[in-house]
Every structure is written in structure tokens, then in C-alpha cells.
Amino acid sequence: MNVKRKATLKFGICIGLLCVSFTGFNSLFGSTHAEAKSIENTKMTSCITNQKFVQLEKKFDARLGVYAIDTGSNKTIAYRPNERFAYASTYKVLAAAAVLKQKPIEKLNDVIRYTKEDLVTYSPITEKHLDTGMSLKEISEAAIRYSDNTAGNILLQQLGGPKGFEKSLKQIGDHVTKADRFETDLNSAIPGDIRDTSTAKALATDLKAFTLGNTLTTDKRTILTDWMRGNATGDELIRAGAPAGWEVGDKSGAGSYGTRNDIAIVWPPDRAPIVLAILTKRFTKDAEYDNALIAEAAKVALDDLK
């Protein structure tokens, strides 16, 4: 075999592996022509979708992690699904879910008191209730709907601190997410630092377990998803990239190095829901994030799942 032919062959194999389009394997598994054509079209769509994510990274000069699960068809969309990103405030919905798992619903009415010294930057709800305290339900709602950082810290404290939160995720099968610090230190997002990081796949899988699986009882799942549907910080994110008429419940996050994240449940009309996690980061500490990157990545993923 000459060198030119060998190089061409290697290139062809690489392309075949990248787009997973070896139709020659169909006969080995007894696929009909129609089935083979359907499988090939699905795989080629995934390859095209992958390239769209590459282009978004170039357009926004950012790094992107995406994982989507269509719970009706079990089809997944994945782009850098196992790469670590700072999770930022997305943890708040998972921490609230873990608290729901641990406590009877009536305990959500327990009043939690805190002091001025407990307040951290960006606590728009908890700072208004220093004199009276807030119920655990109100604190959870403040953390999810308004991304209140003091509320987030209180949820972590309810779980035994960041490591208690990490343990609660391990109990549902997540051995990837690393939780180490409270607000607001957890948003530092220093490249190479695995503290307070996760992956798009891990976060999407956790969210699916809490909102659509049997980890929580039906009444607790309803409480959690109602909080997510009322999120006031996500209108420019996954919600902006979803088709008209598709309902979105989400939890956003932001941090240093242009970190901007959103994890969501998406309810298309008359179909099973879709779980979607989009994590992004840039390359300098003071880089600004761009909400449009999340919205456009969501559109790419959800269009592929239409």
C-alpha cells in the first residue's frame, strides 16, 4: 500500500468513526434497508449537530459542554459531555432536591434563622428577612427562582456542607460532581481546579433523577419542578432557544472565566420531557459571558430532538 493510499484510508476511517456511519455493519445485525437508512440518518444528524457546536465555540470564543436526554426516545445529544466545568449556581436546584429527599414535606415549613454575618453577595431575598427568618420552602424557592446566594449556602448547610451535598449526589449515582466550597467562593472557576465542578452529563443525569425518576415522591417532584418553572433568571438562556410552545423549567449559573450555565427540563407539547444541561466557559478570569451562546446551543440541541 502506498503512503498516499494509506493516508486516505486513515482519513476515511476517522470520518467514519466521527460520524458513526459504517452502514456495512447493518448486515451483521440483520437490519432491513429501511432500518439501516433510519439509523444512518440519525447518526449523520448527530455529526451535523456536533459541527454546529464546534462553530458556536468559534463564534463565541468559548468552551461548551452539552448533554440532552429525550426521555421519550432515549436519544441523547452530547458535546464534550464529560468535560469538567464549574457548576456555579446550577447546584442550587440539586441541593434543594437533595433537601426535599431528606426531609418530610411538613419540614419545609420550619423557619430557618440567620444573621447579617451570614449574608453574602447577591442575596436579594434573604437580605429582606433578617428579622423574621424564612421557611425552608421559601429558602429553596429563593435559591432556585432568584439564585439567592445566602439561600444556597443555607441549603448546603442543611445537607451537612458542600461534602454533604456531594454525598447526596453520590447516593443517586453521581460520582463525578465535586463540591468543596460555599458561596461565593465556589464560583472562582479557575482552569484546572476541579473543586466545585461537574460535567454536562452528570448534571443532566442528576436533574433527570430528581425531577423525572423515582428519587423523589410525586408530590416532591411537583414542588421542585414548579420552582424551576418559575425561575426568574433564565429567560435569555435555554428558554430563549426552545421552540414556541415548549415549556422550560431551569436553573442558571455564572462565575469567573466567563462561566455561564443552564440546566433544564423542557416539556414539548404532547411529548415526554427533555433534560438539557449546557455549560460554558471562556479563557480569561475577567471574561464576560454571553447568554446568546446558551440560547443558540439550546436551539441546536432541541432542533435535533424535534
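Residue numbering: from 1, along the chain as shown.
Just so you know, glycine gets a Cβ as well, placed from its N, Cα and C.
Feature list (source: Swiss-Prot):
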SIGNAL    1-34  signal peptide
ACT_SITE  Ser89  active site, acyl-ester intermediate
BINDING   Lys251, Ser252, Gly253  substrate binding site
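Feature map: annotations from Swiss-Prot on the structure.
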| residue | record | Cβ within 10 Å |
| --- | --- | --- |
| Ser89 | active site, acyl-ester intermediate | 26 |
| Lys251 | substrate binding site | 29 |
| Ser252 | substrate binding site | 28 |
| Gly253 | substrate binding site | 26 |
Checklist entry - Of the binding-site residues Lys251, Ser252, Gly253, which sits closest to the residue listed as 'active site, acyl-ester intermediate' by Cα distance? => result Gly253
Checklist entry - Under DSSP, is Lys251 (substrate binding site) helix, strand or coil? => result strand
Checklist outcome for this item: According to DSSP, Ser89 (active site, acyl-ester intermediate) sits in helix
Checklist entry - Other than Lys251, Ser252, Gly253, which residues of the chain come within 8 Å of the substrate site, judged by Cβ distance to the Cβ centroid of those residues? => result Ala88, Ser89, Thr90, Lys92, Val93, Ser147, Asn231, Thr233, Gly234, Leu237, Asp250, Ala254, Asn261, Asp262, Ile263
